[in-house]
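Undergrad: Got a structure for you, written out below as structure tokens; questions coming shortly.
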Amino acid sequence: MSLLAIGINHNTASVDLREKVAFGPDKLGPALEQLREHEAVNGSVIVSTCNRTELYCDVKQGARNKLIDWLAQFHQVSREDLMPSLYVHEEQAAIKHLMRVSCGLDSLVLGEPQILGQVKQAFSDSRDHQAVDSSIDKLFQKTFSVAKRVRTETDIGGNAVSVAYAACTLAKHIFESLSDSTVLLVGAGETIELVAKHLASNGCTKMIVANRTKERAQGLAEQFGAEVISLNEIPDYLARADIVISSTASPLPIIGKGMVETALKQRRHQPILLVDIAVPRDVEAQVGELNDAYLYSVDDLQSIIDSNIEQRKVEAIQAEAIVSEESASFMTWLRSLQAVDSIRDYRKSANEIREELLSKSLQSLAAGADPEKVLRELSNKLTNKLIHAPTRALQSAAEQGEPAKLTIIRQTLGLDDL
């Protein structure tokens, strides 16, 4: 049994190569079936995301080049094109790499939590295709517990490092409960969709989506039970909003100082948080001059993000220490399994010798042989049979001039205690 991890990621390979070597839904099943039948593979999991493609395998000795050849052939990529971007980790290094990946320590965004879900899904897919053996199963189960420990003992995932998440985090800090807040989302693009997802996951149920075309916003609104309005209707709805988060491609501001001033009067000066993550601005800078209007720009969020990235780097030091400790512990456990197999084989061999000689001795006794003679013969033959292999090993080590090996055998046999 030997653990092997091979792959490419955003640090080693271009987008073009990552696309060529990706395992999409149509390729994953056939690939796992091929690995399941591969002569050099006992068990495998394929992790394939937009930023990485990796194989984690329990393999027989000498499987490294065979797996690299398989990966290249499966995707019809030349080995020469693949090798400069490929990394290979074996045994404890493979264990540590998987744990680092699952904890977000090897991600493009340090500490991002999504990768753990992707690794769990990859493991589930492999189990569904009967591609997982006991060693791979135990490795991934251990990895998931390590990832949980890292999340529990460190705050590596607790600081916002995306604009969308930072906007929601800011809103949470200012308002005690998002479940009681009405949020006006201006725009319906990818960033606003991410904002809506973060808001919903934090209990926000009252959202209004404003967009230039209502049709484009309808799909987003249906996901979160939001109202849909046009940009022209914003002045009529602004007073209802406790929080405004805006991200459009408009060349000119959409929300002006006068519009916000009117809304604040209608709200009897209950404060409004405005988070403008558009470039160029969606909200006039002068809005920040108003009492009870708290305006944050994308630059303000970026300073929060930069600070949080530095904090994640600090937390990553402790996370790396946990991964190093846990990967070493798991490797020790794996090695002990190899000893268990050897001990079982050794006991089986000794029992077979005992049963063979005991059977012959019982036959002799049944035939009327002298009991004392039978017992002496049994003890002599049993001794000779049991010490035969160790004797040969001692002789071989001495003849080949291997004093270190000779010392190990003597210690194993307990000869130094005599």
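Cβ from N, Cα, C; glycine included.
Taken from Swiss-Prot, the feature active site, nucleophile applies to Cys50. For Thr49, Cys50, Asn51, Arg52, Ser107, Glu112, Pro113, Gln114, Gln118, the entry in Swiss-Prot reads substrate binding site. According to Swiss-Prot, the NADP(+) binding site annotation covers Gly187, Ala188, Gly189, Glu190, Thr191, Ile192. For His97, the entry in Swiss-Prot reads site 'Important for activity', with the evidence type sequence analysis.
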Undergrad: Tell me, by DSSP, whether Thr49 (substrate binding site) is helix, strand or coil?
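TA: Reduced to three states, the DSSP call for Thr49 (substrate binding site) is coil.
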Undergrad: Out of Cys50, His97, Glu190, point to the one nearest Gln118 (substrate binding site) in space (Cα versus Cα); all of them are recorded positions in the record.
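TA: Going through Cys50, His97, Glu190 one by one, the Cα closest to that of Gln118 (substrate binding site) is Cys50.
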Undergrad: Using the recorded NADP(+) site (Gly187, Ala188, Gly189, Glu190, Thr191, Ile192) as reference, state which further residues of the same chain have their Cβ within 8 Å of the centre of those residues' Cβ atoms, listed in sequence order.
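TA: Near the NADP(+) site, the remaining chain residues are Leu185, Glu193, Leu194, Val195, Leu220, Ser247, Thr248.
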Undergrad: Using the structure shown, find which entry in Thr49, Gln118 (the binding-site residues) has the sparsest Cβ neighbourhood within 10 Å.
TA: Gln118
Undergrad: Using CB atoms and a 10 A radius, I'd like the single residue among the recorded positions Cys50, Ala188 with the highest neighbour count.
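TA: Ranked by Cβ atoms within 10 Å, first place goes to Ala188.
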Undergrad: To the nearest Å, how far is the Cα of Gly189 (NADP(+) binding site) from the Cα of Thr49 (substrate binding site)?
TA: 22
Undergrad: Need one number for the substrate-binding residues Thr49, Cys50, Asn51, Arg52, Ser107, Glu112, Pro113, Gln114, Gln118: the maximum pairwise CA distance in Å, whole number please.
TA: 15
Undergrad: What other residues of the same chain, not counting Thr49, Cys50, Asn51, Arg52, Ser107, Glu112, Pro113, Gln114, Gln118, have a CB atom within 8 A of the CB centroid of the substrate site?
TA: Gly104, Leu108, Ile115
